[in-house]
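Since the structure comes first, as structure tokens, the remarks are kept for the end.
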């Protein structure tokens, strides 16, 4: 017993991670926010090179002040070294000052606009067909529509309790799903010219407990998935009278789900038991596979839009994990097996509290923004030297203006 290693404290784990930053990352920025943000999303900002060799990207964040101050929906920008586009090493290009900053991640986030918001923002998501429009949901389940340039536009009331589920369709302009702790799901049409403040359809019987997440399918405009505290995963069709076309009984409640951007049949879901499950929509009776690595509940999932088969997850264990589904079943040496399953390609251990939300940049492969409970927002890109899917992904430099 005396020889047993004492587990590292959270601060010791952070210091260990920080010492490995130059080896594992091309870029890291860390910002301490005044208040924690429960939500983060990249805006689809065109990649433009600025004076000084930087590129600008933009983010949506919120505040959770616990009633102590006014809450705000915020828009932020960050300047990134242009070398991350070509998978070069920014440390080599930016000189001594940048090299010395990597072990102690610096902040270069700047708030460019903010709008007052009724209560905390649990989720904020932009409309894919019009990124000037942003939907939010708060701790009372009220949905709001904001214009980036003009502020609050509409208040959408239906839910009676806290909501975390919010999803715009990538296929139909203005088609918005919201879900709440009151067990209900609502469909809003906010881009059709009608009254956006009244739901076009609501569901009170999809689930018998809290709606943890809902997401639209990326290939079929009428399909959406829901997960709930009732331990059910449901695939639903807005055209069907009974709506639900498939139901999965989960081992424990799922907190999150995500549909692939590359395969119309692939779905991932995860929750309280810490595993990430993969399903084929053509046969949902049993999962295709489950991936182990997290040590606590998984709260968010996202498929890469750039690389087929890459999934990212985040959890209450303060970790984000990148998975390569093409590596499932790959042979490992005993030493490699001790580090994790073969499909686990990257662990981001830079957070010291539960990860509230994260997002993969739609323009720049492997660039991630992640927000944690303890007021920290990080922007990071894993090293191009890591053995990631198909070698380093390329960015089309024609998009740089």
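Here the Cβ of each residue, glycine as well, is placed from N, Cα and C on the backbone.
Just so it is clear, the model here is predicted, and its values are computed rather than measured.
Over in Swiss-Prot, the protein carries these features:
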REPEAT    116-147  repeat 'WD 1'
REPEAT    158-189  repeat 'WD 2'
REPEAT    206-237  repeat 'WD 3'
REPEAT    249-280  repeat 'WD 4'
SITE      266  site 'Important for interaction with HAT1'
REPEAT    293-324  repeat 'WD 5'
REGION    335-339  region 'Interaction with the histone H4 N-terminus'
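Non-local neighbours of the repeat 'WD 2' (158-189) in the same chain are 122-130, 135-143, 196, 199-204, 206-216, 218-221, 224, 226, 228, 238; each lies 6+ residues outside the stretch with a CB under 8 Å from one of its CB atoms. Residues 37-39, 41, 43-44, 60-66, 70-73, 153-170, 173-174, 176, 178, 180-182, 186, 188, 190-191, 196, 357 of the same chain, all 6+ positions outside the repeat 'WD 1' (116-147), place their C-beta atoms under 8 angstroms from a C-beta of that stretch.
Beyond the ends of the repeat 'WD 4' (249-280), by six or more residues, the same chain brings 209, 212-213, 215-220, 225-233, 235, 287-305, 308-309, 311, 313, 315, 317, 323, 325 to within a C-beta distance below 8 angstroms of the stretch. Taking all protein chains in view, 21 other C-beta atoms sit within 10 angstroms of the C-beta of residue 266 (site 'Important for interaction with HAT1').
Counting residues per DSSP class in helix, strand and coil order gives 0 helix, 17 strand, 15 coil for the repeat 'WD 5' (293-324). For the repeat 'WD 4' (249-280), the predicted model reports an average pLDDT of 98.
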